[in-house]
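Participant: Pasting a structure below so you can have a look.
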Amino acid sequence: IKTMQLLNQSQVSEFILVGLTSFKDIEFLLFALFSIIYLVTVLGNLLIILTVFLTPNLNTPMYFLLGNLSFVDMSLASFATPKMIVNLIKHRKTISFLGCFTQIFLLHLLGATETVLLVSMAFDRYVAICKPLHYMTIMNKKLCILLVVMSWCSGLLHVGLQLPFAINLPFCGPNVVDSIFCDLPLVSKLACTDTYFVQVVIVANSGMISMSCFLILLISYTLILTTIRRSSSIGQSKARSTLTAHITVVIIFFGPCIFIYVWPFNNHSVDKFLAVFYTIITPILNPLIYTLRNKEMKTAMRKLWRALVHSNEDS
Ligand SMILES: *[C@@H]1O[C@H](CO)[C@@H](O)[C@H](O)[C@H]1NC(C)=O
């Protein structure tokens, strides 16, 4: 039996991604829906990045961070969704071993980067609203760049502390992942060895990070909101709408994350529906919120559009 086990080890060369449903009609519907959402997400985030780059008015810390968040969002939308969309209309929904672990790597790299960026943006709002007189000195260019660099480094650190434990697991048995992309809790459960330790690592790393960042964000936004309520300045309603936007993103991003990583032991079948929130819904929120509801952004985009039309007429 020992030799049999050794022979069978690492036999798995590909995984099967079950997806959300097995009903053909619903799959076609989801194919259309997710394709449109994906297209809007990529174009919308690109538009935000371009607008921030090309508009001198938006050369502020908030938009600097927002531009970077859009970039992370675009990547977060792209690491697994195209594959998932293609799989929706394919009969054999497979992903290679390497592809599977690449998805895990990117998900955790981008997820952790997004987390730290969201905390940075909360900090930016905290300084802007609670320490308005020192805003420009505190949030200088150097700090902004440092925050972005730090968020990417945290992302790398987060993956580095987690993935090595999973990649060495032996996979010999079942290879069906009951989700729309590969993620650690589900994939490590497929290993033909005791994965208790890996699961503990997942809770200690992903679970703790999402939980503590969520608490930090909740506390800072509560502080900011109470500050706004006490002072009644002119910029209040504008500040409040920006805050509402941030808080919406935070809740939709972290709610499902916490649910999935704090209790990875008993994977529920709802997990894969929750995964939709932080890979498909969160990335489209920025474009929706900032292009439809933010006046500064809308004005900037209109100006860019006009400039573009004019330059076409001239040439
Ligand atoms: C994002 O951050 C990088 C590095 O700090 C910076 O060079 C870039 O301009 C930022 N992107 C946007 C769209 O603001």
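Yeah, the Cβs are placed from backbone N, Cα and C, and that goes for glycine too.
Pulled these features from TrEMBL for this protein:
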| type | residues | note |
| --- | --- | --- |
| TRANSMEM | 28-55 | transmembrane segment |
| DOMAIN | 44-290 | domain 'G-protein coupled receptors family 1 profile' |
| TRANSMEM | 62-81 | transmembrane segment |
| TRANSMEM | 101-123 | transmembrane segment |
| TRANSMEM | 143-161 | transmembrane segment |
| TRANSMEM | 196-223 | transmembrane segment |
| TRANSMEM | 243-263 | transmembrane segment |
| TRANSMEM | 275-292 | transmembrane segment |
Participant: May I ask you to check whether the transmembrane segment (28-55) and the transmembrane segment (196-223) make contact, with contact taken as at least three Cβ pairs under 8 Å and only pairs 6 or more apart in sequence counted?
Facilitator: no
Participant: Looking only at residues six or more beyond either end of the transmembrane segment (243-263), which have a C-beta under 8 A from one in the stretch?
Facilitator: 111, 114-115, 118, 121-122, 125, 183, 185, 202-203, 206-207, 210-211, 213-214, 217-218, 221, 224-225, 228, 271, 274-275, 277-278, 281-282, 285-286, 289-290, 293-294
